[in-house]
């Protein structure tokens, strides 16, 4: 049992994971309070009340657990750091991962500062990831449940943040969490969280259309030949095949998008493989990038199969990742996260891929 004088604030959405997180901490003897995030400002059209539904559901769970529940307004920083960047990235023909920025700036970054107002000792979330401390520092590890592991979305968190965080589900499996919630009759939603919480209906086109114009442009092949016309860069992503409107005997995929020229380049499936990736905003969590990359792997998307890392080298403000075997459709704007066994070593944002890097 823990020291009951330690206050742990649990980021609660009313879902299974955060609700069981609060319950487990109570069982461990912590003084627990729930906190939900107000992320939608009154002048924002997105969400259709989705954020309010989450807050109300979290309040019901907190009442069932007999713990205090608070709401903190982080709508300004969410709008500035997450939504504005999301739109800007899409306008440049990139495919961002807003969850990574949200964790760093909002759900964990800003919330860690806010809970100081409540004199809280720790912030706990329902992420499936682990935190381990030893003589070499504090480390971020994969969650035990490989199918639910969320360490990919947390790779930017600094060690000083990890030291004030708890991930009680890190050693758990999703099926067991659902069973616990059912047995305790917690008033939770069994639905999985939305990929992008501020677009709960998944209609990216409508969301982006309220914030930017779509300018049609040319679709080219790799020789520069015009094959057709696209409807606007934000509507496409590297690796996309559907919706191109091209008549071709060959299956063609988006291989590159040039925001300056407002063009999309398409190529055959095999031409999207690359074993060299250029990364920006590179972060290395451990002490020094070793010359020996034996055992290191990288994920170039959350659901991507891992690829073996051959070499990591610096090129000005960027880093070049060389892989032992090629990956398909390394997408600008997505994160490439590097692991050694279960430990998150670092990562960066994909700028481009190809042998000419």
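Glycine residues also receive a Cβ, built from the backbone N, Cα and C atoms like all the rest.
According to DSSP, residue 102 (active site, nucleophile) sits within a helical segment. Among the features that Swiss-Prot reports, active site, nucleophile is placed at 102, with the record citing sequence analysis.
Look at Swiss-Prot and you will find 197 tagged as active site, cysteine persulfide intermediate, backed by sequence analysis. For residue 197 (active site, cysteine persulfide intermediate), the same-chain residues 6+ apart in sequence whose C-beta sits under 8 angstroms from its C-beta are 39, 50, 51. DSSP assigns residue 197 (active site, cysteine persulfide intermediate) to coil in the three-state reduction, outside any helix or strand.
The feature ATP binding site is assigned by Swiss-Prot to 11, 12, 13, 14, 15, 16, 17, 18, 37, 126, with sequence analysis given as support. In the three-state DSSP classification, residue 13 (ATP binding site) falls within coil.
Just so you know, the Cβ of residue 102 (active site, nucleophile) picks up 27 other Cβ atoms within 10 Å once every protein chain is counted. Taken from Swiss-Prot, the feature disulfide bond covers 102-197, and the record attributes it to sequence analysis.
The site 'Interaction with tRNA' annotation in Swiss-Prot covers 127 (among others) and is backed by sequence analysis. Its Cβ taken as reference, residue 127 (site 'Interaction with tRNA') is surrounded by 27 other Cβ atoms within 10 Å in the chains shown.
Sequence annotations record features per position, and here Swiss-Prot assigns site 'Interaction with tRNA' to 334 (among others). Secondary structure from DSSP puts residue 334 (site 'Interaction with tRNA') in coil.
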Residue with minimal Cβ packing [other Cβ atoms within 10 Å] among the binding-site residues 11, 37: 11
Alpha-carbon spacing, residue 15 (ATP binding site) to residue 127 (site 'Interaction with tRNA'), which is rounded to whole Å: 12
Distance, residue 102 (active site, nucleophile) to residue 17 (ATP binding site) (CA atoms, angstrom): 18
Rounded inter-Cα distance in Å - residue 102 (active site, nucleophile), residue 127 (site 'Interaction with tRNA'): 13
Largest CA-to-CA spread of ATP binders 11, 12, 13, 14, 15, 16, 17, 18, 37, 126, angstrom: 17
Alpha-carbon spacing, residue 11 (ATP binding site) to residue 334 (site 'Interaction with tRNA'), which is rounded to whole Å: 25
Fewest other Cβ within 10 angstroms of its own Cβ, chosen from the recorded positions 13, 334: 334
